[in-house]
Amino acid sequence: MRKVMKPMKDVGIVGYGAYVPMYRIRNEEIGRVWGVSSFPIEEKAVPGLDEDAITIGIEAARNALKRAKIDPQKIRAIWFGTESKPYAVKPSATIIAEAIGATPDLEAADFEFACKAGTEALQAAIGFVGSGMAEYAMAIGADTAQGRPGDHLEFTAGAGGAAFIVGEKSNESVAYFEGSYSYVTDTPDFWRRQHEHYPRHGNRFTGEPAYFHHIINAAKTLMEELGLKPSDFDYAVFHQPNVKFPLTVAKILGIPKEKVLPGLLTGRIGNTYSGATMVGVSAVLDIAKPGDRILWVSFGSGAGSNAFSIVVQDAIEEKRDLAPKVEDYVKRRKVIDYALYAKARRKYIL
C-alpha cells in the first residue's frame, strides 16, 4: 500500500504570508512573577487588546494574496486551523473570507487538531485543488495560545499565524509539493474540556510518546516513500513547542541544526500552535533559493503529524518581496510587563 499522498494534479504554493503581533513579554518577566529562574525561550509574542486568531488570520491572508497576485474571488475554499477561535459556535473562516473579498462563491470552515490544525487545512486544500474541484484554495493556521498562570506553558504560549494559497503547479508557484504523509494515533497528551479556560497536559508524557513518536515516524515514512534522505533537504521545519524539541528531532534524523535554525522562531515569538510550522516555513521561503528542498513536519496533540516535502521554484525571487517578511514582524516589537500582558490576555477572570 502506498502511504505517501499525491494529488491527481501537481499542486504548488502560489502565495504565502505570515503575521506576528507586536507586543512581547520576556520569560524573565514571567519568571519574576512566579519565582522561576530557568526559561525555555527568550520571549513570546502577545496579541493586543484588539487582536485575536481571526485578525491574525486576516493579516496573514492579505499578505498571501499580495504574493499570489490573484483575484480573491478565484479562491474557492478558505480553511482556518486554530485551537483559539473567538467563537465557540460561529465559523471564523467566513469572517476571514469576507475581510479579504473572497465571498460568496467558496467553501469555508474551521479546522481543529491542536497545533496541526493549520497543516490539516493545508492537506485538504492540496486535495481540493489537486482533484480539479478548485483553481485556488487557502489554508490558514493561527493561534493566540493560552497557558494557565504559573504553568510552564505560560512561558511559551505565543501568538501568530500564516496563510498559504495553493493552486495547480505552474511558473507562478513559489514552491510545489512532492508529496505528503500523515501519521495519527489516539494519544491524550494535551487537552482542554469545554468551558475550561486553560488546557491541561501530561507533562513529560507530551514528549516521547507524543511529539517525538509522531514527528519522527511521519518524517521517516515520507522520506522512505519518496526515496529521499535527510541530506537531500536544504531546510527542515518541525513543530516547535520550544527550542529543544525540534533540534532533538533533527539530531535523531541526522539533519544538521543549521538547516533547522532559519525556521525555528519559538525562542523569539513563542509557540504559535497552529501557526508554528506555517510561520517557520514562511520564514524559510523568505530566504530560500530556487531548487531548495524543504522538509516540513507539524505535530498536533491528541495526536498526529503531517509531513510535506516541498521544492522551491524560480517565482520565489520575484514574489517574496511583495509582502512583509517574517523577520520584519519578529523585529517589530514592544516589550510589556506582566500586568499589561495579563490584561491583554484577559487572565484576570472575574
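Just so you know, glycine gets a Cβ as well, placed from its N, Cα and C.
What Swiss-Prot annotates here:
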ACT_SITE  E83  active site, proton donor/acceptor
ACT_SITE  C115  active site, acyl-thioester intermediate
ACT_SITE  H239  active site, proton donor/acceptor
BINDING   C115, T156, T206, H239, N271, S301  (3S)-3-hydroxy-3-methylglutaryl-CoA binding site
BINDING   R204, K244  CoA binding site
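Cα to Cα, T156 ((3S)-3-hydroxy-3-methylglutaryl-CoA binding site) and K244 (CoA binding site) are separated by 12 Å. Residue environment of N271 ((3S)-3-hydroxy-3-methylglutaryl-CoA binding site) contains 27 other Cβ atoms, counted within 10 Å of its Cβ in all protein chains. Per Cα geometry, N271 is the residue among the recorded positions E83, C115, N271, S301 nearest to K244 (CoA binding site). Neighbour density at the Cβ, taken as the number of other Cβ atoms within 10 Å, is lowest among the recorded positions H239, K244 for K244.
DSSP assigns K244 (CoA binding site) to a helix. Cα-Cα distance from the residue listed as 'active site, acyl-thioester intermediate' to S301 ((3S)-3-hydroxy-3-methylglutaryl-CoA binding site): 7 Å (rounded to the nearest whole number). Here the CA atom of N271 ((3S)-3-hydroxy-3-methylglutaryl-CoA binding site) lies 9 Å from the CA atom of H239 (active site, proton donor/acceptor). For S301 ((3S)-3-hydroxy-3-methylglutaryl-CoA binding site), other Cβ atoms within 10 Å of its Cβ number 25.
Among the listed recorded positions, namely E83, C115, T156, the Cβ with the most fellow Cβ atoms inside 10 Å is that of C115.
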